Each structure stands twice: as structure tokens, then as C-alpha cells.
Protein chains: 4
Amino acid sequence: MSSSERKQIKVGILGATGTVGQRFIQLLSTHPYFVIHALGASSRSAGQRYGKVTKWKLNTPIPKEIGNMVVQECKPDAEGFKDCGVVFSGLDADVAGEIEEAFRSANLIVFSNAKNYRRDPLCPLIVPLVNPSHLSIIPHQKKTLGLEKGYIVTNANCSTTGLVVPLAALEKAFGPLQTVMVTTLQAISGAGYPGVSSLDILDNVVPHIGGEEEKIEWETNKILGGLNSDNTQFDLHSNESVKAINVSATTTRVPVIDGHTGVVSVKFSKSPAPSMEEIDRAFREFRCEAQELNVPSAPPQAIVVHDAPDRPQPRLDRDLHNGACVSVGRVRPCPVLDVKFVCLIDNVRLGAATSSIMNAEIAVEKGLIV
Amino acid sequence: MSSSERKQIKVGILGATGTVGQRFIQLLSTHPYFVIHALGASSRSAGQRYGKVTKWKLNTPIPKEIGNMVVQECKPDAEGFKDCGVVFSGLDADVAGEIEEAFRSANLIVFSNAKNYRRDPLCPLIVPLVNPSHLSIIPHQKKTLGLEKGYIVTNANCSTTGLVVPLAALEKAFGPLQTVMVTTLQAISGAGYPGVSSLDILDNVVPHIGGEEEKIEWETNKILGGLNSDNTQFDLHSNESVKAINVSATTTRVPVIDGHTGVVSVKFSKSPAPSMEEIDRAFREFRCEAQELNVPSAPPQAIVVHDAPDRPQPRLDRDLHNGACVSVGRVRPCPVLDVKFVCLIDNVRLGAATSSIMNAEIAVEKGLIV
Amino acid sequence: MSSSERKQIKVGILGATGTVGQRFIQLLSTHPYFVIHALGASSRSAGQRYGKVTKWKLNTPIPKEIGNMVVQECKPDAEGFKDCGVVFSGLDADVAGEIEEAFRSANLIVFSNAKNYRRDPLCPLIVPLVNPSHLSIIPHQKKTLGLEKGYIVTNANCSTTGLVVPLAALEKAFGPLQTVMVTTLQAISGAGYPGVSSLDILDNVVPHIGGEEEKIEWETNKILGGLNSDNTQFDLHSNESVKAINVSATTTRVPVIDGHTGVVSVKFSKSPAPSMEEIDRAFREFRCEAQELNVPSAPPQAIVVHDAPDRPQPRLDRDLHNGACVSVGRVRPCPVLDVKFVCLIDNVRLGAATSSIMNAEIAVEKGLIV
Amino acid sequence: MSSSERKQIKVGILGATGTVGQRFIQLLSTHPYFVIHALGASSRSAGQRYGKVTKWKLNTPIPKEIGNMVVQECKPDAEGFKDCGVVFSGLDADVAGEIEEAFRSANLIVFSNAKNYRRDPLCPLIVPLVNPSHLSIIPHQKKTLGLEKGYIVTNANCSTTGLVVPLAALEKAFGPLQTVMVTTLQAISGAGYPGVSSLDILDNVVPHIGGEEEKIEWETNKILGGLNSDNTQFDLHSNESVKAINVSATTTRVPVIDGHTGVVSVKFSKSPAPSMEEIDRAFREFRCEAQELNVPSAPPQAIVVHDAPDRPQPRLDRDLHNGACVSVGRVRPCPVLDVKFVCLIDNVRLGAATSSIMNAEIAVEKGLIV
């Protein structure tokens with residue numbers, strides 16, 4: 001069934017006025033079958049028109065019909081949410097835990113960008129270009145909680161997402177990885193709005209983002225790991241029963257609006273390591289399930305490999321394939337580990353809203369959203 | 001003998017109108033005993049007043065007496081250079097090789113910031129807070145070339161300098177290092193003027209600086225290495241006869257005016273590795289020869305360790321100790337190597353002009369400049 | 001005849017590798033009837049593939065078929081140009097004069113973004129949303145020069161363009177203007193590539209752009225002026241035979257990538273001046289010939305009036321209507337003149353390439369390009 | 001009496017942890033006779049060490065002895081304030097009104113950077129390089145309020161300050177001004193911390209700063225106006241009994257850290273207007289009372305006139321004379337008014353903390369602080 005033939009599915013957006021929420025709206029307003037039906041925000045905004053209460057920060061205007069919608073509180077019984085086939089959450093972590101749980105308990109399906117349930121042993125943590133197979137734990141999640149319909153799916157931290165896509169390509173081609181070192185140069189939009197004060201970042205680098213390094217080091221292993229045979233438990237990176245990847249991350253903030261850059265070194269388990277040509281080819285030839293399923297948000301290339309020695313660059317490359325792919329460049333030998341390269345992700349699209357949406361599209365294909 | 005008692009030494013500056021040359025002038029114009037006596041630039045500028053031909057880009061005005069000086073060509077027989085006890089070179093690499101050689105052949109002493117002679121087996125490559133002991137090869141340099149007085153001393157690449165100071169502190173306290181991984185986030189001033197186009201760097205990161213990674217990987221070993229017993233040959237990192245440090249560097253350009261940040265991971269040769277507390281203390285207690293000699297440009301602390309988790313930051317910390325120290329922060333265990341930390345250097349001061357000047361001050365103390 | 005029914009017209013691009021040339025390519029590669037047929041650049045690039053010699057700086061990739069085209073020298077007899085129905089020039093002013101003249105003499109039609117012929121009494125200076133009626137001098141241009149087919153049409157300086165569109169709306173509604181004061185805050189892309197050094201503009205404002213103020217003060221009057229009755233001579237702002245508008249401009253450069261902001265105050269000839277409501281309505285209701293002719297690049301609104309008190313902003317509003325309109329905001333009384341407001345133009349689209357293209361589209365409609 | 005002979009005067013700082021408060025500390029920690037004795041902040045910080053509760057954002061470290069001081073609540077009877085000869089206020093406007101009034105009522109002398117009492121008919125609004133003569137209303141303020149010792153002196157908005165210094169030079173030389181038009185390009189530090197979100201200002205201009213235009217238009221006239229003969233009432237710009245200056249201001253925010261740029265056009269009352277040479281000379285020769293009194297913070301030049309056509313620039317010129325002067329450049333005829341020029345002020349020094357301090361120094365000289 002092609003996207004244009006699918007019948008429309010009503011969707012809700014939690015945290016609709018925030019940075020990620022705005023991206024959900026921008027992306028969903030032209031979606032072939034998801035139709036924005038309910039917008040949730042804080043009680044301060046509830047009851048008012050979206051266009052009036054939102055400090056819209058994107059360079060495309062608020063879609064007119066969305067601007068006129070009345071914002072609801074983030075409660076499952078607020079008008080509209082009950083009819084939604086899926087609810088996307090762009091909520092901040094300090095409120096996401098309770099609200100998402102309330103929606104799930106009300107038998108709603110939540111695809112969340114928040115971190116709260118990423119480490120939950122019942123919740124899949126899915127990067128749509130990497131591990132949609134983890135959706136198979138959903139029946140177990142529903143059963144454990146005694147829910148007929150409701151469940152939560154999370155997507156990964158934005159910088160983790162940019163990292164695991166090329167890592168997945170390497171694992172797919174060459175087997176388990178042993179060691180990964182990554183330094184990120186992250187955009188200000190990753191911190192939301194108002195987020196990073198301009199006095200902190202103009203003509204500056206902030207070499208610390210709270211909690212971010214632990215997220216990268218931990219999430220990478222859940223995402224690249226497997227499920228046990230009856231789909232009831234994640235093996236933290238149990239790909240072929242190997243031990244976890246040893247990940248060391250340092251995260252920094254730089255004066256870039258959108259686009260997280262990662263400087264990565266990798267050591268393979270197998271020895272001798274593949275050649276640079278083999279690695280380059282593995283990146284270029286990487287195909288993933290989202291592409292096989294041909295879901296609407298899947299990019300034509302999951303990884304774009306750049307030949308120019310000074311690419312990828314956030315300002316020039318973040319918009320490739322509508323921000324739904326990962327750029328990779330500078331693939332070359334690492335004197336310490338095996339290979340080093342640079343990767344780039346659009347942190348607010350594939351790193352956030354696009355991942356949630358693509359995850360839901362895949363769930364639709366798999367019959368998990370109806 | 002205290003600095004104020006030293007008799008004045010006339011100095012010349014090659015490449016005086018450029019980015020590094022301007023810093024030489026700014027720093028030397030208030031020096032206790034070096035007195036600016038000759039300014040050299042391209043033939044285009046020669047014969048005109050310095051204030052007229054220079055696009056001065058520093059936030060302190062051109063010292064008035066310097067602004068009125070007539071610029072010379074970069075030739076040893078141009079007016080003024082003959083009388084100079086030392087000539088500082090801020091020349092670009094494409095011309096530095098020939099010009100510095102001409103000055104040396106004319107029995108002038110050159111302290112150069114250019115890269116041309118850094119790998120020369122006769123020329124010391126000195127970071128003043130690390131290896132001024134390498135000046136002991138100078139008699140061999142002069143003898144080999146049959147020169148009575150002339151010689152060349154180089155200082156290191158700016159990003160190398162910011163790295164080797166903390167590495168030297170670690171080697172001094174804990175013995176040889178085995179492995180170093182570093183990612184740099186470098187300021188635009190490192191590329192000179194006009195240097196980096198604003199269209200390339202605003203809202204952007206450029207993940208490549210030509211030749212820079214090789215410099216870091218190579219220079220680190222020459223600087224941290226030793227000399228043979230008769231002071232005629234460098235052992236590339238032969239500290240205690242161990243093999244070279246395995247260095248892997250990735251260098252990036254970020255929208256920062258001054259101040260190179262380095263994200264560093266280190267593995268020690270000794271096992272078990274020192275504790276984080278021991279490492280922290282080694283940084284804080286590091287003292288170097290420049291400080292023992294009490295030369296005018298030596299900072300009170302060679303390394304400033306920051307306690308705040310989000311420091312050092314280029315805009316806030318590059319001016320510490322007049323840009324003559326290295327900042328270190330975020331000292332913590334590395335899941336892959338032994339320890340990771342962040343370092344910061346003012347690339348145009350300790351990373352360039354200040355190093356040359358401090359090297360010359362040390363040479364004065366050692367009787368190599370009279 | 002609708003755009004899609006027009007037969008294709010081959011076009012050439014002079015200065016194809018530069019900042020404006022790249023925009024020509026980006027915009028023309030999806031044009032309904034202009035087809036890129038020849039690319040001209042300096043002899044250094046000639047003979048090589050476009051994708052190889054161009055430092056492409058846009059955030060959409062080089063269209064594949066363009067990347068493979070062989071670049072020609074900017075000579076009318078170089079391969080391809082002879083067949084072009086129109087040649088767009090994004091040349092720098094230092095070479096544009098001679099080259100454009102050579103193309104015209106070879107009976108080619110040139111639509112130029114360069115300044116060289118803007119003040120020529122035979123050449124129309126056209127902002128497509130303002131004065132396409134000036135195309136009527138073309139027969140006189142051709143006749144005077146004894147050319148059967150060749151002529152030159154220029155478009156205005158980017159900051160002039162952003163100013164005259166709202167001024168034209170005011171003149172259309174309220175008659176001649178007496179006085180205009182404008183301060184611009186201009187983007188770095190206005191200076192081309194490499195253009196503005198990052199060391200000059202990061203954390204900075206440069207309150208001077210050479211020649212720009214004179215251009216605004218002079219061009220405004222030619223554009224808003226009329227033609228004599230037999231279409232052989234421009235009356236510099238002879239709209240209803242009134243005297244020239246007294247324009248005072250100050251131009252500054254700010255750290256913005258694309259989008260020139262103008263702070264404008266205006267005094268009308270008529271007294272009493274119109275009310276703020278009337279002025280606001282005049283902006284909103286402004287319709288122009290390009291829209292009546294329904295040419296492909298004409299925006300649905302020539303002027304977008306913003307209600308939010310802090311708009312327009314370059315980053316958020318420059319992309320409106322694909323960069324082909326002018327944004328206006330903060331319309332309010334001026335204590336000194338009559339009204340003040342803020343305007344914004346995408347300097348590389350409507351301020352440059354889009355204007356040339358829309359001018360040519362209008363010329364096509366008028367039968368001046370066949 | 002020279003500054004070094006003056007006996008020390010204890011001072012307090014209200015709002016000590018904020019942007020302006022930090023500048024007060026930086027500047028006062030090396031003051032010849034003001035000694036920091038009490039630090040006031042919100043109750044959240046009170047009782048803790050200054051170094052612990054302050055997000056210090058300056059590029060010089062917190063002076064060690066200040067870092068160890070215990071922060072007090074902003075109450076006149078909190079420890080230390082009672083002994084202060086003067087209390088400097090860097091409070092935000094939302095709390096400054098009540099707190100400053102409480103301090104005055106407790107017979108403390110307040111020099112405030114807040115806007116709350118600027119329009120109060122009893123309070124002088126003083127730019128120290130312009131109108132310290134307005135201090136003569138203080139006896140009337142104290143008498144009216146029945147206070148023996150307490151009074152409030154305010155300094156002007158930062159952008160007003162940068163404007164009125166050159167205007168005062170023009171009035172002093174050529175008599176009353178008739179009309180002033182000004183467009184400002186203001187730095188982010190003017191909005192305090194966290195202040196402007198980086199997402200709002202990177203690659204952007206915000207053409208609106210709430211309330212700022214009204215401040216410039218109103219304050220200019222109070223500052224440049226006079227006092228009646230018995231020093232009990234301000235004549236809003238009654239300089240020689242002329243009517244108010246007609247001021248039109250537009251204020252914008254640009255991605256600059258420190259330093260407000262103003263683009264100014266002026267019309268004189270007298271006709272013919274002075275020549276550009278006379279105006280240039282009036283700027284260069286301007287001397288003010290703060291200089292005659294030789295107070296410690298008075299700059300050697302109140303106005304620095306730049307000859308280069310592209311100056312002043314915030315990054316290069318804000319540090320001149322330790323941020324205590326105003327830079328002026330591009331003095332040239334205005335086609336609409338008489339003269340136009342560009343001015344620049346360090347908004348956090350002369351535009352804020354330095355003005356308060358210099359005002360207090362002048363009050364010391366006049367015997368108003370003992």
C-alpha cells in the first residue's frame with residue numbers, strides 16, 4: 001500500500017509550542033496521512049489559539065489552520081486526544097514522565113522524544129534508520145501493563161542518533177564494534193528555547209552538556225543491542241552475544257543553530273580491521289528497514305558520504321534529504337583505534353521530530369497503529 | 001638578575017603587519033628589556049609607516065611610536081635588523097623558509113613562529129612551558145652550519161602547544177604516555193587575516209584544517225622527546241627511551257575569535273594508571289623551567305585547573321595570565337583510555353607570539369642571546 | 001499563455017561560480033522555461049566541469065546535470081552563449097563592464113546584476129516589483145547603438161531593492177515622497193565569497209560599506225523616476241514632474257548570513273501625511289505589474305507586513321515566498337519625518353538573482369526576449 | 001586632593017550577582033578609594049559566598065576577597081550597608097523601585113543604574129561626561145523628602161549615554177540642536193543574563209527592544225536640559241530656553257557581545273550649520289567637568305574621533321580608555337539633516353557601571369559623599 005493510499009490517521013502533539021513541538025507541526029502539516037488533530041501545551045497556553053501563544057521560531061510560517069487551533073492541556077481526556085491514532089510528545093523531561101504515562105494508561109499510543117522512558121526495560125528506544133525491529137517488544141509492554149492498546153515508544157537523544165546510524169552501518173558490514181570514542185559539537189537548538197543564553201555561546205564553546213555524555217554512552221548499547229528470542233527483554237548490545245561497546249563521549253556546545261557534528265573513532269572486534277575502502281563502501285551501501293518499508297519520511301540515503309575533505313558542515317549539509325539522513329565524511333585511518341570519521345545530524349529533524357514520526361510510520365506499516 | 005636590571009636588547013619583527021606580527025608588537029611594546037627596533041614586511045609595505053600600511057585588528061591601539069616606524073623589507077641588510085639581538089618571525093610559511101635562512105646566514109638569531117624549520121633535525125621546537133632544555137642543540141646547529149652567531153629556534157603549532165603543556169605535566173608526574181586522542185575546536189584567528197571567510201564559519205563548523213592534524217601528531221613527539229647525551233640529535237619522544245606516543249588528532253574550526261579548545265583522552269604507560277585526584281594534583285602542581293628562571297612572560301601558573309564543570313571556555317578563560325597559560329578542566333575517567341579532560345590555549349599568545357618571546361627570554365637567561 | 005506552455009528559452013550565466021552565479025543556478029535549475037545552457041567564468045575555470053571548479057556554498061546540492069557542465073570563458077563566441085535567448089550576469093564589477101558590452105555588441109541580451117551600467121542613460125535599472133515599465137527604453141538603446149537584438153538591462157543594488165519596494169507602495173498610494181532616511185544592517189553574503197573576513201565581523205559591526213550609500217541615494221531616484229513621453233530618456237525621479245527624493249543612507253555590515261534589514265523614515269510631499277492605518281493598508285494592498293503579468297518568479301505578495309512588534313527578522317523572514325518579497329514591520333509615526341518602519345530583503349534572491357530572472361520573465365511577456 | 005590621597009569610602013553593591021553588578025565589582029575592586037564593603041542580591045543568594053552563588057561571566061576572574069564575601073539581602077539594615085558612604089545599584093527595574101527607595105529612606109546614598117527614578121522630578125539623571133551639574137538638585141531632593149543624608153542619583157540608559165555625549169559636544173560648540181535621528185545596533189549584554197536567547201540572535205537581527213526608543217527620545221532631553229535658577233526643577237532641555245530636541249530613535253539588537261553602535265543624524269538650530277571641519281574639531285576638543293575634576297574614572301578623552309572610514313567598530317573600539325569614552329566616526333554631511341556620524345559606547349562600562357561610579361566620584365569631589 002502506498003502512502004497516498006493510506007487512510008488518514010489523526011495525531012496529537014504534546015509540548016506543541018516548544019522547539020520540538022514546532023518541528024512536529026512543520027513536518028506533519030504536509031504529511032501524507034498523519035493529520036494534526038490535537039495540540040497540547042501547558043495550562044498557561046490551554047484554551048487559546050496556537051498562533052497566539054506560540055513564539056514560533058522556524059523560518060516557514062505557522063500553517064494557517066494550525067495557527068487557529070485551540071491549544072489543549074496535556075491530558076488524555078482533553079478535547080481531541082481521545083480520537084488520535086498516535087500522540088507525539090515533544091515534552092520537556094521534567095513533565096514528560098507523568099504525562100506520557102497518563103496517556104498510555106488511557107490506552108493512547110505515545111511516540112516520545114523525551115528521555116524519561118528511554119531506559120525503561122519495557123520501552124523500545126528506536127532510531128528509525130537503525131533498530132525498528134525493537135518494536136517487537138510492544139506486545140510484551142502492553143501485556144505487562146495490562147493495556148489493550150496503549151504503549152510508549154521513545155526515540156534517542158539527538159547526538160546519539162547521529163552516532164548510531166554510521167555505527168549500525170559498520171556493524172552490519174563488519175560485525176560487532178569494540179570501542180567508540182566521540183566528541184560532539186552540538187547546536188544551540190538542542191537545548192530548546194530560550195535554552196542557551198547568547199552571552200554563553202557567542203564567540204565561545206561550552207565544553208559540557210549536562211547528562212549528554214552518559215546518554216550517548218548508554219543509549220548506543222541499547223539501540224545497537226538485540227532482543228531475546230521471545231521479544232520480552234533487551235540485551236544491551238547483545239548483537240551476536242558480544243559484550244557492550246565501550247563508548248567514551250565528550251559533548252560540547254558551539255555557536256551553530258541546527259546540526260550536531262560528531263568526531264568519531266571506532267575499533268572493530270574483528271581483526272584485521274576492514275580497509276578504508278571497505279568502510280567507505282559500507283557507509284555508502286547501507287540500506288535500512290525504514291527504506292525497505294518505503295515509509296514517507298525515510299530518506300533516499302540513510303547515510304550521505306561526502307568526498308570533499310572539509311565536509312560535512314552543519315550549515316551546508318543539515319538540510320540534505322530534508323534533514324532525515326546522517327552525513328559522514330573524512331573517513332580515514334585512526335592511529336589509535338581503527339578508523340575515524342566525522343558525522344553530522346540535523347538534531348531537530350532526524351535527531352528529534354523526524355525520528356518520532358518515522359518510528360510511527362514504521363509502526364503503521366507493522367500494524368501497530370491502526 | 002631581575003628583568004628590570006637587564007640591559008635592553010633590540011629586536012626585529014618579520015611579518016610585522018600580519019596577525020602574529022601584530023601580537024608581537026602588542027606584547028613587545030611593553031616588554032621590560034626587548035625593544036622593537038626593526039619591522040619587516042613585504043616589499044609592498046616597505047618604505048612606508050607601519051600605522052599606514054597595517055590593517056590593525058587588535059582591540060588596543062597601535063603603540064604610537066610603532067605606528068610611526070618605517071617598515072623594511074625582510075632582508076637581513078635592511079635598515080635596523082643588523083643591530084638586533086634577536087629577530088622574531090611571524091612570517092607565513094610560504095616565505096618563511098627562505099627569509100629565515102637568509103637571516104640566520106647573516107648571523108642573526110631568529111625565533112620563529114612559522115612551521116618551516118620545526119622538523120629540521122638541527123632546530124629546536126620549543127614550547128616554553130615544556131622543553132626549553134632543547135635549546136642545548138644550538139651550539140651543534142651553529143657548528144654544523146659554520147655560523148658564529150646565527151641560529152633558528154621554532155615554537156610549536158598553536159594547537160600542539162595547548163596539548164603538550166598538560167601532557168608534559170602528566171609525563172613529569174607519571175612517566176611516559178602511551179596514547180593520546182585529541183579533537184580540537186579552533187578559533188578563526190589561527191588562520192590569520194583575512195583567513196577564514198565569514199560565509200564559511202558563521203552558524204557553522206568546518207571539520208578540517210589542512211595539515212593541522214599531522215602537525216599535532218608529529219610535533220608532540222619531538223617536543224616531549226629528548227636529546228642524545230652530546231646534544232646533537234633529537235630522539236623523537238625518547239623520554240626514558242620509550243617509544244613514541246601514539247597520537248590521533250582531529251582538528252575543526254569553530255566560530256570563536258581567539259582560543260583553541262582541545263578535548264583530550266590519554267593512556268599512561270604505567271599500570272595501574274594514576275587516580276583522578278593524582279592527575280588533578282599533577283596539573284595544579286606543575287612547575288616548569290620558565291617559571292624557575294622567572295622570565296618576564298612566564299605565567300604564575302603554567303596550568304590553571306578549573307573546577308566548574310563547564311570550563312574552560314574560550315571567551316571567558318583565554319585572557320587568564322595574559323594568555324600565557326593553558327587552562328584545563330573536566331578531568332575525569334575515560335571509559336576507553338585512562339583519563340579525559342578539556343584544555344584551552346590562547347592561540348595567538350601562548351600559541352604563537354608569547355611562545356616565541358618566552359623562548360627568547362629563556363635563551364637570554366641561558367646566555368644564548370647577548 | 002501560462003508559464004508551463006511557454007517554449008523553453010536557453011540561458012547563459014556569466015560569473016557562474018560566484019555567490020550570485022550560484023543563486024542563478026539554484027533558482028534557474030527548476031525554472032519552468034529558462035534552461036541553463038552555458039556557464040561562463042574566469043579563464044582559470046574554463047574548460048573544466050562546473051562541479052569541480054566551484055566552491056559551492058548553498059545548502060542545496062549542485063544540480064547533477066549542472067555539476068557536469070563544462071565551464072566556458074565569458075566570451076560571446078564561447079560555446080553555447082550564441083544560442084542563448086538571454087544571458088544572466090553575476091559578474092564582479094571589475095570585469096562586468098567590458099564583458100557585458102562584448103555580449104551586447106554580439107547581439108546578445110544581458111540581464112545584469114552588476115553595477116556598471118546602472119547609471120547608463122540608455123540602460124534601464126529595474127526592480128521587478130517596482131518599475132518594469134522602464135523596459136520601454138530598450139528600443140531606444142538598441143537603435144542608438146545600432147544593434148538589432150542586443151541590449152543590457154540591470155537590476156538594482158540589493159539594499160536599494162529592499163528599500164524601493166515599500167517606497168513604491170507609498171508613492172503609488174500617496175503620491176511623491178519628499179525625504180527618505182535609511183540605515184541598513186546588511187548580511188555578509190552581500191559581499192560575495194570569500195568577501196568579509198570572519199575576523200572582521202564575528203562579535204562586531206562594520207559601519208561602512210564602500211560605495212553603498214551613494215548607490216542607495218542615487219538608484220532610488222532612477223528607479224522611482226519616469227521616462228519621457230517618447231521613451232528615450234529617464235527623468236531621475238520625475239514622477240509627476242516632482243523633484244528628486246532627498247535620500248540619506250548609512251550602510252552597515254552585521255553578522256548575518258543572508259537578509260538585509262533597513263530602518264527607514266519617510267516624509268511625504270502631501271500634507272497632511274496619511275495616517276498609520278492608511279500606510280499599513282497601502283503596504284498590504286500593494287500590487288505590481290510582475291504580479292499582474294503572473295510571471296513565474298513573482299511572489300504572491302510583493303510586500304509582507306508583519307504584525308509582531310519584533311519582526312521582520314532576517315533569519316526567520318528571509319525565506320518568505322522563496323525570498324522574492326520584501327518584509328515590512330514596525331510601521332509607526334516618526335517624530336521627525338512622517339512614518340518609520342523596518343524592511344527586510346533576501347539580498348541574494350530578490351536583492352540579486354531573483355530580480356534579474358524576474359526582469360527577464362517580464363521581458364519575455366513583453367516580447368523583448370524571444 | 002589627588003585620588004590616592006582621598007580616604008577610603010566603603011561602598012555597597014545592590015544586584016551584585018547580575019551583569020551590571022559584576023561590572024561594578026570588576027571596576028571597583030581596583031578603585032583608588034571606593035572599597036567594596038557589602039554585596040546585596042536576592043534572598044535566594046543571601047547568606048552564601050559570592051563566588052558560590054554567582055555565574056560570573058567576565059573574562060577576568062572574581063577578585064579573590066570578593067568571592068569569599070557573604071552576600072546579603074538588599075535591605076538597608078542587612079549587615080554592612082549601614083556603613084557604606086555610597087551604594088551602587090545594578091538592580092533590575094522590577095525590584096529597583098522599592099529597594100532603592102528603602103535605602104534612601106534609611107539615609108543611604110544610592111547611585112543607580114536602574115530606570116525607575118530617571119524620570120522622577122527630584123532625581124538627577126546624569127551622564128558623567130555631560131551633565132554632572134544636575135547634582136545641584138540634591139539638596140532639594142533631600143529637603144523635599146525630609147531626609148538628612150539619603151538621596152538617589154540615576155544614570156542614563158546605555159544607548160542614550162552613547163548618544164548624548166557627542167550631542168553635548170555639538171551643543172557646547174554650536175548651540176541648541178533642533179532634530180536628532182538615531183538608529184542603534186545594540187549588544188546582547190545590554191539585556192542582562194540570561195537575557196537574549198541564542199536562538200533569537202545568532203545569524204539574526206531583532207529590530208525591536210522594548211521601551212528603549214522611548215527612553216532615548218525622553219532621556220536625551222532631560223540630560224541636555226537645564227535646571228531652574230534655584231536648583232529645584234529640571235527644564236526638559238531648556239538649554240538657553242529653547243524647545244526640546246525632536247528625537248526619533250529606532251533600536252535593534254545585533255549579535256555583538258558588548259558595545260552599542262549608533263547611526264546618528266543631527267540638525268542644528270543655528271543656520272547656516274557648522275562645517276564638517278568645525279564639527280570634527282568640536283568632537284575632538286570636547287572637554288567635560290569630569291575631566292576638569294580629574295576624577296579617577298574620567299577618560300583622557302571623552303570622545304575619540306576615528307579617521308578610518310570603517311570605524312568605530314564594537315569589537316575593536318569598545319575597550320578604548322577602559323570603556324569610559326565614546327567613539328565617533330564617519331562625520332559627514334547628511335543630505336536630509338545637517339550632519340551624520342556613527343558613535344559607539346561600551347554599554348556595560350560607560351553605558352552602565354562606569355557612569356554610576358564616575359557620577360559618585362564627582363559627587364565626592366563636590367562634597368556630596370563624605
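Quick reminder: no glycine exception, Cβ is built from N, Cα and C everywhere.
Pulled from TrEMBL, these are the features on record:
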type	residues	note
DOMAIN	D:10-138	domain 'Semialdehyde dehydrogenase NAD-binding'
ACT_SITE	D:C158	active site, acyl-thioester intermediate
ACT_SITE	D:H260	active site, proton acceptor
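Ranking the active-site residues D:C158, D:H260 by other CB atoms within 10 A of the CB puts D:C158 at the bottom. The DSSP secondary structure for the residue listed as 'active site, acyl-thioester intermediate' is helix. Residue pair D:C158 (active site, acyl-thioester intermediate) / D:H260 (active site, proton acceptor) shows a Cα separation of 8 Å. Secondary structure from DSSP puts D:H260 (active site, proton acceptor) in a beta strand. Broken down by DSSP into helix, strand and coil, the domain 'Semialdehyde dehydrogenase NAD-binding' (D:10-138) contains 41 helix, 26 strand, 62 coil. Each residue in the domain 'Semialdehyde dehydrogenase NAD-binding' (D:10-138) has a pLDDT score, and their mean in this model is 97.
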